[in-house]
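Below: the structure, in structure tokens.
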Ligand code: 13P
Ligand code: SF4
């Protein structure tokens, strides 16, 4: 990828990206989805990118799959599909367009490529990683298998294709409890998120769950002490935590769920005040749709998710650089683990 300065110069040769109150005013329907969290001058700055990207999507026959942690201008301005990891994986299988631009982190783009290998899958920044994906390799899976012979390996989708290929089945935060409960073994190995595993162990007490020592650098920073202190002064605030948080943080919350589970909970419950114990963009993205909910309290930024910007999305669609490739032999094995998860969670949802 070009460095920032070269990328800007190159883009400026092809697009007029100067802030434009005129373009901003021409798209009130897009701005209405983020007006509570994006100021008019910022929208005037984003609008030229949003318009250029949406035009280029048509020319390239591309769709944008965006995770719930993308910033509002990406989430509302250019995404065709938004969702949590499971939803995005399922949507990737259905894409008919030639190109998928994954606005999320690398393992998500890899999952899309694995599930729909004939498509060109672009990630706007190859360095959009994930601390969980970096915490384990296929050798780590082999170590766990040696330590717990015969136990199935349930691996979080936040992993590389090699790790998925070495596992028996994948899970996401929205289906982990059902996937673990459905395993035909008393002992189940969960990798790589120790906190997700510890939270699931409490939901599925009939299984002995053993885990790898990985964690999410965003969710491990929340503390039960801070949440309880906040609650002491704000007793009516609904506290909602992602299951990548440590178990005592989940205990201090009123509800825990995947990113889409969190959105569904707030939409259903409509609390006057809500604290989303997760990545900062979550509250921003749903804020305009829930004007009666006041989002309060701390949030943590995912530095990997935040590598994806409008500028880099425009560059990837313009240059068609940043295609994710997965070795076909690895992809076949990884697909089996991801597809098993999709099939089982759809079967259990019926
Ligand atoms: P979800 O599947 O809940 O969207 O989580 C993905 C993720 O990376 C959360 O940190
Ligand atoms: Fe990975 Fe955590 Fe960022 Fe999600 S929030 S991508 S788990 S580092």
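Glycine is no exception: its Cβ is also placed from the backbone N, Cα and C atoms.
If you check TrEMBL, you get these features:
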type	residues	note
BINDING	67, 85, 156, 157, 158, 173, 242, 243, 244, 259	iminosuccinate binding site
BINDING	130, 216, 302	[4Fe-4S] cluster binding site
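Each residue in 105, 131, 132, 158, 217, 218, 219, 244, 279, 304, 305 lies on the same chain as 130, 216, 302 and has a C-beta within 8 Å of the C-beta centroid of that [4Fe-4S] cluster site, without being one of the site residues. The C-beta environment of residue 130 ([4Fe-4S] cluster binding site), restricted to residues of the same chain at least 6 apart in sequence and closer than 8 Å, consists of 105, 106, 107, 158, 216, 304. Only 158, in sequence order, out of the binding-site residues 67, 158, 242 have a CB under 6 Å from ligand 2. With the fewest other Cβ atoms inside 10 Å of its Cβ, the least crowded of the binding-site residues 67, 242 in this structure is 67.
All chains included, 29 other C-beta atoms sit within 10 angstroms of the C-beta of residue 244 (iminosuccinate binding site).
The iminosuccinate-binding residues named in the record, 67, 85, 156, 157, 158, 173, 242, 243, 244, 259, extend over a maximum Cα to Cα distance of 17 Å. Residue 67 (iminosuccinate binding site) sits 12 Å from residue 302 ([4Fe-4S] cluster binding site), taking the CA atoms of both as reference points. For the binding-site residues shown (216, 302), fewest C-beta neighbours within 10 angstroms: 302.
The Cβ of residue 158 (iminosuccinate binding site) has 28 neighbouring Cβ atoms from other residues within 10 Å, across all protein chains displayed. Shown in sequence order, 132, 170, 171, 172, 173, 176, 190, 191, 192, 193, 196 are the residues of the chain, 6+ apart in sequence, with a C-beta less than 8 angstroms from the C-beta of residue 156 (iminosuccinate binding site).
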